[in-house]
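Student: Before anything else, here's the structure in question.
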Amino acid sequence: MAGDQLNVLNALDVAKTQWYHFTAIIVAGMGFFTDAYDLFCISLVTKLLGRIYYHVDGAAKPGNLPPNVSAAVNGVAFVGTLTGQLFFGWLGDKLGRKKVYGMTLMVMVICSIASGLSFGNKPKSVMTTLCFFRFWLGFGIGGDYPLSATIMSEYANKKTRGAFIAAVFAMQGFGILTGGIFAIIIAAIFEAKFPAPAYQVDALASTVPQADYVWRIILMVGALPAAMTYYSRSKMPETARYTALVAKDAKLAASNMSKVLQVEIEAEHQRVEEISRDQSRQFGLFSKEFMKRHGLHLLGTTSTWFLLDIAFYSQNLFQKDIFSAIGWIPPAQTMNAIQEVFKIARAQTLIALCSTVPGYWFTVAFIDVIGRFAIQMMGFFFMTVFMFALAIPYDHWTHKDNRIGFVVMYSLTFFFANFGPNATTFVVPAEIFPARFRSTCHGISAASGKLGAMVGAFGFLYLAQSPDKNKTEHGYPPGIGVKNSLLVLGFVNLLGMVFTLLVPESRGKSLEEMSGEHENNDKSSSSNNQNSTVSAA
């Protein structure tokens, strides 16, 4: 197949792993580090926001965000992310990966800082400001999904491409970990400097005025890693696949990659013109031909990402129960506001360290050995098994003596999410679609995932409420209970296995082989050769 390919693309496919590969992983990965920090750090401070802005005099327990405010604060970034994935995914195919890449980073930097600011000090004005800037923060984060995946896939060689794209995604784990560690440090400093009694001792004094700085600092620091990589992103050349196959500039593609690979590459103007002439007759996105060639692939990538994120983001269902059950987070009234931030951050950091981070890096290690399909199928299989194992004997797990077993099963579920579909659903859409649709199709797949995240995070929050209206959390209607919710999630993972059958294996193949662009190039060359023969005759 190498003979049918442009020299510049073949040079990238067969290149040995070099320093520029690691530079690309770091530059793209720091974006994902920031994405994870910004998206997940809000869960560290929502309890604190409730104590500061929704305190009720004489209440037995500290103030909590009302359900609609909690849903808005936690969910508005998801809505922004979904919008950004679709918009920047499309823009990445129209203007080029590099031009749009810097835009997303600047939006993230500005909105991270602005998230910690607020107009006024009344609950409504603070929450409105926070939600406004977190929507636009999510918008910038959304752009990072299709662009980082596409840039890394187009820079990588075909032998280790899966590991490189997965390594970019795995930086999420470090972002979550860093968010937890930073929150622990800030909470410890403020607790030492401004000690306060527990809520049950003195409700009003348990939340010191300085606690208002804690959540702002935690949110605003998310701007730093993004700002640090802006210069590096601006210096990255446009990918050769976009330059040659979409922008049709053979000279620039060869020149850019010659510098990157440090080898001389021929420009091949004639070949690019042939491809260009052929592409002028090619199908558009969502055309009949596109649906015939890639319709099932797009259904596979969107449905699996949607189903995965329902299960992945539903972890909020029982996370607080687990943390309380094993004593990581004592009852809220036994702590002051800053101690609660410390305990929540410590618990999330331990989960990230033991379950989340290892799962990501297992994928990096094995994705080019056993393939994307096998890892995704295996991940969904074990998530199904563990969800059913938690759900069917749920009453058994609620007894105090069995709670450690519940935590182990819970951790394994999310280990296999990360050593499984959470990573592969990010990798595959960047490999199987034509260059001119690659960023758009990845954005559509990722947006489908974020839709699933909203269902998992908020739909199941309501669904998991007790059927007995006297036992529901304040402000929530009765639901189907945690046991039945876990059974539903088991079936969701089972569906994930079914839809994985639509996703092709891309291990060891070039992007052009996977997308069918080889086939188009072959037809173009063959038709040109026939025309030459006819003319000569």
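Glycine is no exception: its Cβ is also placed from the backbone N, Cα and C atoms.
According to TrEMBL, the protein has these features:
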- 20-45: transmembrane segment (TRANSMEM)
- 24-508: domain 'Major facilitator superfamily (MFS) profile' (DOMAIN)
- 100-119: transmembrane segment (TRANSMEM)
- 163-190: transmembrane segment (TRANSMEM)
- 213-231: transmembrane segment (TRANSMEM)
- 349-367: transmembrane segment (TRANSMEM)
- 373-392: transmembrane segment (TRANSMEM)
- 404-423: transmembrane segment (TRANSMEM)
- 443-464: transmembrane segment (TRANSMEM)
- 485-504: transmembrane segment (TRANSMEM)
- 510-522: compositional bias 'Basic and acidic residues' (COMPBIAS)
- 510-537: region 'Disordered' (REGION)
- 523-537: compositional bias 'Low complexity' (COMPBIAS)
Student: Give the nonlocal contacts of the transmembrane segment (100-119) in its own chain as ranges (CB under 8 Å, at least six residues past its ends).
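Tutor: Counting only partners 6 or more residues beyond its ends, the transmembrane segment (100-119) has Cβ contacts under 8 Å with 31, 34-35, 38, 84, 88, 91-92, 125-126, 129-130, 133-134, 136-137, 139-144, 147, 151, 215-217, 219-223, 226-227, 229-230, 233-234, 236.
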Student: Should anything in the same chain at least six residues away from the transmembrane segment (20-45) have a Cβ under 8 Å from its Cβ atoms, list it; otherwise answer none.
Tutor: 73-74, 77, 81, 104-105, 108, 112, 134, 137-138, 141, 144-145, 148, 151-152, 155-157, 160, 164, 167-176, 178-180, 183, 214-215, 218-219, 221-222, 225-226, 228-229, 232-233, 236, 260-261, 316, 341, 344-345, 348
Student: Mean pLDDT, the domain 'Major facilitator superfamily (MFS) profile' (24-508)?
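Tutor: Mean pLDDT for the domain 'Major facilitator superfamily (MFS) profile' (24-508): 89.
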